[in-house]
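What follows is one structure encoded as structure tokens, with my remarks underneath.
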């Protein structure tokens, strides 16, 4: 009866797993499920692992989709905010409802963004449960996760709300870029509207999550398997290092251009005059600071300070990239040092030939045969020709450096060969030890059989024993 129940339960598990596979494959034809080999039955544990693997794959796809939608929604909200801030002082008239409609659209996109953020973290918690073999969902709710979710919701909920009051141009404000705020409100509301508009750019933190989830590094099974063997965490820092290693100039150029445009618009919102803001951001980012233009408001000073800090960091990365691009690779170094060695050898041979020539000329221009001036001149030339010791030192240093470059991979190859030989010797020693153990077992059995035979022979000869 127990065997019948077990077989029925295993069959039901396999049928449910097959139904899940067929349902998932019908939903997404791109997912490939590894099938067991012919003639081999799938156990209950293997079926559970297969179902968990399928669920994990679909949850990862859902996380990617939700992250892309959240980033698109955040960009739409930022774009609506920019349109609201740009056309409000020039197009809107007192009593107009256009700013209210755009602000409602911004609030609607903010609500959608919050829903997408919550759905993303829900999928992340489900993925955590599957990775840890169906643990309780309360275990995934740690204090760090709660803090991260709270901060994300607080960052994404920020958006301008001043247009929900009576719409009019705040003409009495000292700000360079007035927003659509009612005239009976004070300057504090305008400053709050300006601050909320600028803080909406904090939603761009979703860019790093989208890059991480859509990167080829995270999607590649080879990367993940080798990284798990080497205890490498696939975070945005690792993906950014890979991008900077593969495409350093392109990545840095895109970041600098986007930062310039964003900082220039924020400075325009604080100060006004787009062309002046572009020039001020450029000279502040490049740490030039001519002094012809300076920010006047506290908001503009904060933007310029942040721009200067980012300019110093990007300049350091640019110097590192240029240094790496100008450095010679291994083959180029070998060619360069080989040609330098040839040139130094030629100079040494030329100096030796000069020594022989000056010795011969000195011998010919002896004081007895010629003038003393010519003799002294050849002596001076001989002493100068003999002094080529610095060429020898330069050649020795060059060869030492080249030998160090060559010795490192050579030593590595030697160590690999020694390690392989040691492994082979160890295997042979193990085989010999096993063979000796087998022989000892055989000898033990032979001794036991011999002792038994001797005992029987002695018993037959002397029955009294």
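Cβ from N, Cα, C; glycine included.
Residues 98-99, 102-103, 105-106, 109-110, 112-113, 116-117, 119-120, 123, 156, 159-160, 163, 167, 169, 177-180, 197, 200-201, 203-204, 206-207, 209-210, 213-214, 265, 269 of the same chain, all 6+ positions outside the transmembrane segment (66-92), place their C-beta atoms under 8 angstroms from a C-beta of that stretch. Residues or ranges marked as transmembrane segment by TrEMBL: 66-92 (among others).
Annotation comment: TrEMBL describes 98-122 (among others) as transmembrane segment.
Here TrEMBL flags 143-165 (among others) as transmembrane segment. Listed as Cβ neighbours of the transmembrane segment (143-165) (distance under 8 Å, sequence separation of 6 or more from its ends, same chain) are residues 74, 77, 81, 84, 99-100, 102-103, 106-107, 110, 113-114, 117-118, 121, 125, 179-182, 185, 189-190, 192-193, 196-197, 199-200, 202-203, 205.
For 194-212 (among others), the entry in TrEMBL reads transmembrane segment.
The annotation transmembrane segment is assigned in TrEMBL to 251-268 (among others).
Here TrEMBL flags 274-291 (among others) as transmembrane segment. Panel annotation: around the transmembrane segment (274-291), residues 256, 259-260, 263-265, 267-268, 303-304, 307-308, 310-312, 314-315 of the same chain, lying at least six beyond its termini, place a Cβ under 8 Å from a Cβ of the stretch.
Feature annotation from TrEMBL assigns transmembrane segment to 303-323 (among others).
According to TrEMBL, the domain 'Calmodulin-binding' annotation covers 341-414.
The coiled coil feature in TrEMBL is assigned to 419-446.
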Other parts of the chain folded back onto the transmembrane segment (194-212), taken as Cβ under 8 Å at six or more residues beyond its ends: 67-68, 70-71, 74, 77-78, 81, 85, 113, 152, 155-156, 158-162, 175, 177, 179, 218, 234-236, 239-240, 262, 266, 269-270, 299
Whole-number mean of pLDDT values that fall within the domain 'Calmodulin-binding' (341-414): 73
